[in-house]
Amino acid sequence: MATEHVNGNGTEEPMDTTSAVIHSENFQTLLDAGLPQKVAEKLDEIYVAGLVAHSDLDERAIEALKEFNEDGALAVLQQFKDSDLSHVQNKSAFLCGVMKTYRQREKQGTKVADSSKGPDEAKIKALLERTGYTLDVTTGQRKYGGPPPDSVYSGQQPSVGTEIFVGKIPRDLFEDELVPLFEKAGPIWDLRLMMDPLTGLNRGYAFVTFCTKEAAQEAVKLYNNHEIRSGKHIGVCISVANNRLFVGSIPKSKTKEQILEEFSKVTEGLTDVILYHQPDDKKKNRGFCFLEYEDHKTAAQARRRLMSGKVKVWGNVGTVEWADPIEDPDPEVMAKVKVLFVRNLANTVTEEILEKAFSQFGKLERVKKLKDYAFIHFDERDGAVKAMEEMNGKDLEGENIEIVFAKPPDQKRKERKAQRQAAKNQMYDDYYYYGPPHMPPPTRGRGRGGRGGYGYPPDYYGYEDYYDYYGYDYHNYRGGYEDPYYGYEDFQVGARGRGGRGARGAAPSRGRGAAPPRGRAGYSQRGGPGSARGVRGARGGAQQQRGRGVRGARGGRGGNVGGKRKADGYNQPDSKRRQTNNQNWGSQPIAQQPLQGGDHSGNYGYKSENQEFYQDTFGQQWK
């Protein structure tokens, strides 16, 4: 054993034999596992110090440690030893996180984070002793509570609407400052502070779940734009945890029961399927559906599995995205709504029929029918309430209609969405790929317009300003889910037929009756008119012309994508939200979907490679 103490300074080596290295009973096990002598000694030193037991580390951690060279493994173990492990529940996972962080720093050429930049452990300990909460630390987040002590709250886990998002948090701020602030709003279920393992500081945002919805709403009122430090204001809003997935490329002949059965075979936690039928054929769906899971975690796992390319449903790898989350409007606002959202209307139903059916309950301000749904504006709320009570579920022209109160728009949300759309338009300077908001299609000319859009009448776009067209939603009613995807099954088909002149820079035609450029023509790129006369471009984006002409050569890529894709050969495309013309909903951020950019104090996005299922995101910005 004498050789184990030689360190190059033999003349200064103490002669006291009591300083001999003491190994634990697991030292030989580490050597047998294949760890180098010095690495095994370093890890065993941690065992002897009582920081970690051998049983705390699983085989995965030992195998990962073996992949490092000796210097790297020793550096990892030293950092692991120096870390405060008192609040780490899964020490094996924590060690793996340290190894991952070390490799990332090694690639970037950065130094190990200064441990002095972390939280004040004395203050954290005092906080935990005062509140009785627990603290679980991983390399990606610090979780305070969840569940809280019985003395604070002994009920069931809080439901949707009890979680808030906190942004613009100073990077060196921790639980000792956040908890005392937010517990004033009400009892906290848990607080999750997202951490950057490369710096040892937080990412600039956190999530706080309260035990009641009232406490969450109170926290937003109290602390949105609150000055938490001199010159530092945090932003607070209600967070919506998403547990729904959008799935495309669904065979149109499949029923809700068949879809539920099939996807339950390949994913876990599926609770419901939201399916919409074609207005003119109730036996066929629209080629997409929404899958609802137990919680966000199971939805994230299902999304990861379905996007792996290894899982096929009906022999096809479908399109999978996060669905837009449902946001519950303020109850006080909903109590003033006088507009009804009516869906499942038969094709024969007109605005005149609707006006006649609903006017018996009170004076109407306006009736607006769009496809197979409509909005009924009452002069007084009492009339709307009576109409919903009497007409909901009743037969109208052969179809049982469904009625709910329409959701008013969130003006701040629309402003944020417009800002994001403007940013996208600057990034992608392609008029037909990202059409401007609220631009009505050209309506001159005769004949059948292109099937590439939604087919809404021109005045519909002014109607959007009055109410968010995608904001109408009541669980599985269309508003929040169906409208944006109304033309999903045929959104890629280019313009056809004779029509009127397309103005320079005008949006491409939408649906029946909206005229495409005059003559047999497609669209030109970047919104400008084509130079040739009478030439029709083929699939992939064509030139815009006047007059009739002969069929031209195959057009280049760009513009609106032409032609349907067959379901069996449907490759994973870019997000459908990023391909649809003139729809502002396309750039709306989705809860729990990674956003681009790494400045979490500004836009709260982070790169996908850093995402874990618990790392929610929110794209709200505060001014």
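Backbone N, Cα and C define each Cβ position, glycine as well.
The domain 'RRM 1' annotation in Swiss-Prot covers 162-241 and rests on sequence analysis. Regional average pLDDT for the domain 'RRM 1' (162-241) in the model is 92.
Swiss-Prot lists 243-325 with the feature domain 'RRM 2', giving sequence analysis as the kind of evidence.
Residues or ranges marked as domain 'RRM 3' by Swiss-Prot: 338-408.
All protein chains considered, the CB of S159 (phosphoserine) has 9 other CB atoms within 10 Å. Residues annotated as phosphoserine in Swiss-Prot, with a large-scale study or a structure entry given as evidence: S159 (among others).
Annotated omega-N-methylarginine per Swiss-Prot: R444 (among others), in sequence order.
Residues or ranges marked as omega-N-methylarginine in Swiss-Prot (evidence: experimental evidence): R496 (among others).
Annotation source Swiss-Prot lists omega-N-methylarginine at R518 (among others).
As annotated by Swiss-Prot, omega-N-methylarginine applies to R526 (among others).
Residues annotated as omega-N-methylarginine in Swiss-Prot: R536 (among others).
Among the features that Swiss-Prot reports, omega-N-methylarginine is placed at R539 (among others), with the record citing experimental evidence.
The phosphoserine annotation in Swiss-Prot covers S587 (among others).
As annotated by Swiss-Prot, region '3 X 4 AA repeats of Y-Y-G-Y' applies to 460-488.
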Of the residues in the domain 'RRM 2' (243-325), how many are helix, strand and coil by DSSP?
-> 22 helix, 32 strand, 29 coil
For the domain 'RRM 3' (338-408), DSSP counts of helix, strand and coil?
-> 22 helix, 26 strand, 23 coil
What counts of helix, strand and coil residues does DSSP assign across the domain 'RRM 1' (162-241)?
-> 19 helix, 35 strand, 26 coil
